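Okay, so here's the structure we're looking at.
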């Protein structure tokens, strides 16, 4: 009896042992043909395939971590500096590795993909689709407190918390509510492909849209308002002499250095900007759809590490992606999207491509009319939302901006402070008719926001 799980730790010595055992077994099967020897030969062939596959995977997976070290030192920094720019360089490097991993997956066949999943977790051999073991949208007319309270589980909390994080990223009530409503419509239009999209009306409207989505949006936007109104004066930890102050400053290192007031649209927005927001909505919905199609096609539960690790990773790389895309839409001097932004778009496209390749049986049931209606409804609701945002801006005007005009920038001094520093920065020579600029490093510089400005 061969222990297949022990194959993961095989070395070259094990391969030599395997070659010897196979040769001995083949000699016995030739001299003493029997059903038992044939079964053992079949097992050994499976072991050989698993040995080869294991070594191929390790030889592919281990060297690709070298770009992590390169990204730590050589890649360009992203839009964020907290808690440290090196962390966001690593995040970008990991997103590139995930992109390459998806390219690798697309060139495999279905059997190889399943073998890779079983190599990661042997328990996935016994995994079943949630749609095959659960019923959805049954007895919707029966509404009881027990049934409503049973829906408030860990997934409801993650739903609420997820929308809080989305509101922190988007920072717009209009876009958040539009994405929330259009996602529920997306579930309706793709319900013929994914049975778990079927929900009772009270579950979809009251629990999802109003409570989980609405509560999360309110919480996220409340945090945004709080961060916008804060005054950011970052002192260097070297200038703090108390232990409590040093600990507090260390904790504040994991908070934003500044906060941007976000305004996706204004009354003078161009058509290109409007279409850019619509494309943003499409990519967002596609990323959400990939989450459900991946676990349905590749058969792993929502509670599995493959599911929630991907969700956490996509959430992390979404933060710099949204920031770069917003700068591209609103800043006229920005001529192209950031690197993290287009890598995120490529990841969403490759995930959808992998779902289509390995889920041909599922997508053969696609109703093209539903997809067209989904795109039209998404466009109509998006433009309706954008019109409402423009009307609100024209009627009530923009809010006053806070101290932080851009993400992760230094604190902006008042004109008096700037002029005072300017004249302090000049040394006037009595023998020279023109003032000359002070030599760098000749006088102590002033620290602004914890950064030493010259």
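Any Cβ shown, glycine's included, is placed from N, Cα and C.
The compositional bias 'Basic residues' annotation in TrEMBL covers 435-446.
Annotation source TrEMBL lists region 'Disordered' at 425-454.
Residues annotated as transmembrane segment in TrEMBL: 86-108 (among others).
Tertiary neighbourhood of the transmembrane segment (168-185): same-chain residues 204-205, 208-209, 213-214, 217, 220-221, 223-224, 260, 262-264, 277, 281, 284-285, 288, 318-319, 322, 374, 377-378, 381-382, 385-386, 388-389, 392, selected by CB-CB distance under 8 Å and a gap of 6+ residues from either end. Marked as transmembrane segment by TrEMBL: 168-185 (among others).
Annotation comment: TrEMBL describes 205-227 (among others) as transmembrane segment. Remote same-chain residues near the transmembrane segment (205-227) are listed as 148, 151, 156, 159-168, 171, 173, 176-177, 180-181, 184, 199, 256, 259 (criterion: CB distance under 8 Å, separation of at least six residues from the stretch ends).
Per TrEMBL, the feature transmembrane segment maps to 305-329 (among others). Through the fold, the transmembrane segment (305-329) approaches residues 78-80, 88, 91-92, 94-95, 98, 117, 120-121, 162, 165, 169-170, 260, 262, 264, 273, 276-277, 280, 287, 291, 294-295, 298, 336-338, 340-341, 343-344, 347, 407 of its own chain, all at least 6 residues removed from its boundaries and within a Cβ separation under 8 Å.
The transmembrane segment feature in TrEMBL is assigned to 341-359 (among others).
Among the features that TrEMBL reports, transmembrane segment is placed at 371-393 (among others).
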Tertiary contacts of the transmembrane segment (341-359), as residues 6+ beyond its ends and Cβ separation under 8 Å
92, 95-96, 98-99, 102-103, 105-106, 110, 113, 283, 286-287, 289-290, 293-294, 296-298, 314, 317-318, 320-321, 324-325, 328
